[in-house]
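Noted in Swiss-Prot for the protein shown:
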{"type": "ACT_SITE", "residues": "ASP18", "note": "active site, nucleophile"}
{"type": "ACT_SITE", "residues": "ASP20", "note": "active site, proton donor"}
{"type": "CROSSLNK", "residues": "LYS64", "note": "SUMO cross-link"}
{"type": "CROSSLNK", "residues": "LYS64", "note": "ubiquitin cross-link"}
{"type": "CROSSLNK", "residues": "LYS144", "note": "ubiquitin cross-link"}
{"type": "MOD_RES", "residues": "SER90", "note": "phosphoserine"}
Amino acid sequence: MPLTTKPLSLKINAALFDVDGTIIISQPAIAAFWRDFGKDKPYFDAEHVIHISHGWRTYDAIAKFAPDFADEEYVNKLEGEIPEKYGEHSIEVPGAVKLCNALNALPKEKWAVATSGTRDMAKKWFDILKIKRPEYFITANDVKQGKPHPEPYLKGRNGLGFPINEQDPSKSKVVVFEDAPAGIAAGKAAGCKIVGIATTFDLDFLKEKGCDIIVKNHESIRVGEYNAETDEVELIFDDYLYAKDDLLKW
């Protein structure tokens, strides 16, 4: 049975965040990029790529659908230009800036970013939103395998000092904030609980993909106290669309 308790409090060791669709609604900007990219390529179905590739690294999408252009330096340049060329289409996911600022205000680093975007693009999104970047800011340039492979989220949790603890999972409680199937799969494979953000896909889809708790956006989430003894920080969900009942036992 799903939970109905509100507010819901979770004590966690670390939080990992996707960027596109999770912190910033950049999908319209990225869609505009793909349409421009495909204008002189008759074989390239931009609408199909837009539909299927959310959460992928741009390099992986180009390697699959336009392999002649799969050059890392070229792709990095293209993606790095997206915020300047198409940034007017992008806005904060409601509540994201406030939530990130609250995490930044904690006495210890408790959050990281793991995005499929390139470092240049992701840094520019943070600059646009005026969010201080966390120490562990993992991008497409920092991994050999992108989402849905767990490498990005494993790097994030390991960097923060909370690798998977199979003997005692309660000593390494990490949540992933995600909006896309590839990222949800990556987070689950990295041993994390998933906070689904219903910006890109609807409630039923996110439930089907296995999210543990689903929210409309970040406005209903607060950062509570940090406990130095347990090295846990409290996340308080004043409202949510769905939550699994096993969260109470986590």
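Every residue, even glycine, has its Cβ placed from backbone N, Cα and C.
These numbers come from a predicted model, not from an experiment.
With the fewest other Cβ atoms inside 10 Å of its Cβ, the least crowded of the recorded sites LYS64, LYS144 in this structure is LYS144. Taking Cα separation as the measure, SER90 (phosphoserine) is nearest to ASP20 of the recorded positions ASP18, ASP20, LYS64, LYS144.
Cβ neighbour count for SER90 (phosphoserine): 19 (other Cβ atoms within 10 Å of its Cβ, all protein chains included). The distance from the Cα of the residue listed as 'SUMO cross-link' to the Cα of ASP20 (active site, proton donor) comes to 21 Å. A coil conformation is recorded for ASP18 (active site, nucleophile) in the three-state DSSP classification, outside any helix or strand.
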